[in-house]
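Participant: So TrEMBL lists these for the protein:
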type     : residues  : note
DOMAIN   : A:26-538  : domain 'Cytochrome oxidase subunit I profile'
TRANSMEM : A:45-63   : transmembrane segment
TRANSMEM : A:83-112  : transmembrane segment
TRANSMEM : A:124-141 : transmembrane segment
TRANSMEM : A:170-194 : transmembrane segment
TRANSMEM : A:206-227 : transmembrane segment
TRANSMEM : A:268-286 : transmembrane segment
TRANSMEM : A:293-314 : transmembrane segment
TRANSMEM : A:326-348 : transmembrane segment
TRANSMEM : A:360-387 : transmembrane segment
TRANSMEM : A:399-421 : transmembrane segment
TRANSMEM : A:433-458 : transmembrane segment
TRANSMEM : A:478-499 : transmembrane segment
Amino acid sequence: MSTVAELPAGAGPAPAEQLAARWEEPRTVRAWFTTVDHKRIGRRYLVTASVFFGLAGVSAILLRTQLAGPEAGLLSPQEYNQLFSMHGTAMIFLFATPMLFGFGNFLVPLMIGARDMAFPRLNAFGYWVFLFAGVFMWASLPAGAAPNGGWFAYVPLTDEVNSPGLHLDVYTLGLLFLGISTTAGAINFIVTALKLRAPGMSLNRVPIFVWAIVATSFMVLFALPALNLDNGLLFLDRRFGTHFFDPEAGGNVLLWQHLFWIFGHPDVYIIVMPALGIVSAVLPAFCRRGLVAYPLVVLGVVSISIISFGVWAHHMFATGLPQLSLSFFSAASSIITIPSGLQLFAWLTTMLLGRLVMRAPLLFVIGFIVTFVIGGFTGAMFALTAFDQQVTDSYFVVAHFHYVLFGGAVFPILAAVYFWLPKITGRMFSERLARWAFWLIFIGMNVTFFPMHLSGLFGMPRRVYTYPEGLGWDPWNLLATLGSYILAVGLLLVVVGVVHALRRGKPAADDPWGGDTLEWATTSPPAPYNFPVLPEVHSLHPVWDPRTAESVAAGAPEARTLAEGRQTIRTSELDARYEQPIEMPESSLRPLVAATGLLVVFGGLLFDWYWVAAGGGLLLALTMVGWLWPPAEPT
Amino acid sequence: MEKAERRATMEPTSGRTGRSPGHAPAIVVLIATLVLTGCAGDAPSALDPAGYGARRVEGLWWLLFWISVAVFAEVLLLLGWALLFRRGERTKVRRGDPVRFVAVAGAGIPLIILVTVYGLGLRELAALGDGPDDSATTVDVTGHKWWWEVRYAGRFGATANEIHIPVGERVRVRLRTADVLHSFWVPELMPKTDLIAGETTETWLHAERSGSYRGQCAEYCGLQHAHMGLRVVAQPRAEFDAWLAKLDAPAPEPRTEAQRLGQVAFTQGTCAACHTVRGTTANGTVGPDLSDVGARWSLGAGTLPNDPGHLGGWIANAQVSKPGNAMPPQPVPAAQLPNLITYLESLR
């Protein structure tokens, strides 16, 4: 487990100084707004998404408190409906995807041995848009104008007749706004992972996490247009009198659901897949051996990303579609179990063959396996139409997707927080605090969500702000509410643990866990230029491979030091053959200005100030012209 | 007295309550799953089916449940093995890449299970699609924000939030919505079917024992989605026929002075603008038909019990218990309110 962080002896101090001069940013306010460094942007994604997670979590606590007993009066139906709509919308759109994008942003360039993302300024732009869109949506809540049609916003409940006011305009515009950020991020990940990999990192040597991010990004590119179209049509219906979803004028209300779930089902995997990638990244370090069956796991990742586009109608099994089409979607939904099963058994086998080192990240991975498997079972149950028709839209489905999304995404995210915290901050965390957090979260999570299986089977529909006494639902709801408090304490302990690490943590080694991927081959935290010498890769586990260390040792060719400019290496897509060095952009204020222009556009549209929106569009266009204007060729 | 008897027949059938050993202690959640049926109490439980459709799904559930328990046990066993025997400094890391084992255990075996279960699932799906023939009793149910309008094919009258069906027969249910999407769900009898704006969807009910079964709208339909309950009353054919015959008959005439004054208040006041009472001049169609309101199980689609006290409160200001529903507070003079209550209570 050698590390290649120190400069190779032969390289001398000169390249290091040159690199620092090229890449380091001054500690000024302006630099804070203009940075394009993927690590800083990644950290911002992580912090911002965590804040939105906290807000959505507080919403959840309020919802659970309201449901603790029958006919409770803590929240009015208006408040409850806004809170549950924001809870879902924020968890899906403002937490899960951006959080994983945050890890992707920080890690992908490091894992593939590059100095930044392929489009650093687009990356900064994506972050600012995410921040503004998130604030745009959350700001509606204190104003009493938050979305109240659920995160799925089915028409005709959400049309202008049944939902007057700004609620649904915030939803449609907010998601369109946010979609720009997600799309930009996805394109950036794909190009980065395909073109900037270190020489020698052919596709069969790409870390699973990077595979997962790339597959996810492709899914975003194919799935998001359906959601954008849906929201665009709904906005036109609401504001400009079109009738896409109005059956009385020849529109169709099921059109909304089809488009929504063509996005929405892949989105489940958009959230879960990078999380599965995290598990595949964490396990080798704590099993002291490589992941078993790498090609099958990659096959699993890629096939999930394709199959998930063929299963959307299983969200619509109760809408009276013809039985023949139901049975097709039922089969497709069942089949998706297979690639998940492949990954599960690859992890289990890796653990059975390795030597387990019990540290907090591994604990969270084990918690993930237990809960995700339960969520997987109920998922396979939902694939069967007859059973789905009985339990869909009941609390059983709430239990199911919290097992999948909390078990399948939050546990891996927490594993990732502890696993990469030393790399990101350069500080170690307190293992004791982390274990307390794990047990509280694990117990709290199960006590919260397990009883929902029961209340659902006992006939309790979801999305109800209250329920009558004496139907046998009371004890399960009370239990779930108590569980949610335990869960909240556990999650607070994670925050305490991170703050404690930042304040009191011991300095972290470059490779504290003995990881196998390239991010462990550089300093903790990494220098602004990531690697003094860009490594050459010879195997799937570059850091466990002495040839990688040799590739950056004395006598490393200037072609991989690249101290002359702000450069990184471009390689070929399949086998990562060296092509040429490419110039990376400097810091710039333009991403922030462009995002501000967009904010003005969407704010103007929201309040019917179309001239203001046009002004924002003009600002955006002018900024883009400046952004894309080619620099003068040096003569 | 009459009402007490009616309520007695409305209660969940005694066989079920007799089986219930009460709520299991909250802490043993995991154990509770193994005795799921026993813990439902008075819940409208999908695991306590009283109808053909729900029974088929219940069978499917237990099959899926036991398969899940078996596979989960396998996963826990492997995980436990790793945690017990693959730790500590002396554990030797094994090299090798057992791709074939992963393929068989992770894909091969699950595929066999899935294909089998899928086949069985298709059989149940087909069973759910095997609805009644054309001669069957047909109920037309229309969803409103937030109540259910109930009519019978070939009949003129209507009721609300309460569907009577003959026990032991397949009954066709045609579903429409007057506004947004709703979903028709009576867990003990039949899985859900959505009510789709602009379309008519269909489901059917087949109650295997008489009794009254709670249902509730399952598709989020706005502010008062929580208060959109319904009851299905399954009764012997003769009883059902008698009930159905009353649906076309005019509502009972007032028999006391108070009832007469109440009727006058109803037909000449604001009530008649929205509500119908058959045989009177009140023929509004915005709200539920009230011709048999005195006999119904609840007020406001399961919001309140149907008794004189709650009825008075509901008339005076229905926004208190069900904020946002379509009925505005009624400025009924204090002297008239008792008469109005008496009159409505007599409609049964």
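Cβ coordinates come from backbone N, Cα and C, glycine included.
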Participant: For the transmembrane segment (A:360-387), which partner among A:124-141, A:268-286, A:293-314, A:399-421, A:478-499 gives the most CB pairs under 8 Å?
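Facilitator: That would be A:399-421.
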Participant: Which sequence positions outside the transmembrane segment (A:45-63), separated from its termini by at least 6 residues, show Cβ-Cβ distances below 8 Å to it?
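Facilitator: Distant Cβ neighbours of the transmembrane segment (A:45-63) are 74-75, 80, 83-84, 86-87, 90-91, 94-95, 98-99, 101-103, 105-106, 127, 130-131, 134, 138, 424, 484-485, 488, 491, 495.
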Participant: Can you work out whether the transmembrane segment (A:399-421) touches the transmembrane segment (A:433-458), with the criterion being 3+ CB pairs under 8 Å where the paired residues are 6 or more apart along the chain?
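Facilitator: Judged by the Cβ rule, the two regions touch, with the required three close pairs present.
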Participant: Tell me, what is the mean pLDDT of the domain 'Cytochrome oxidase subunit I profile' (A:26-538)?
Facilitator: 96
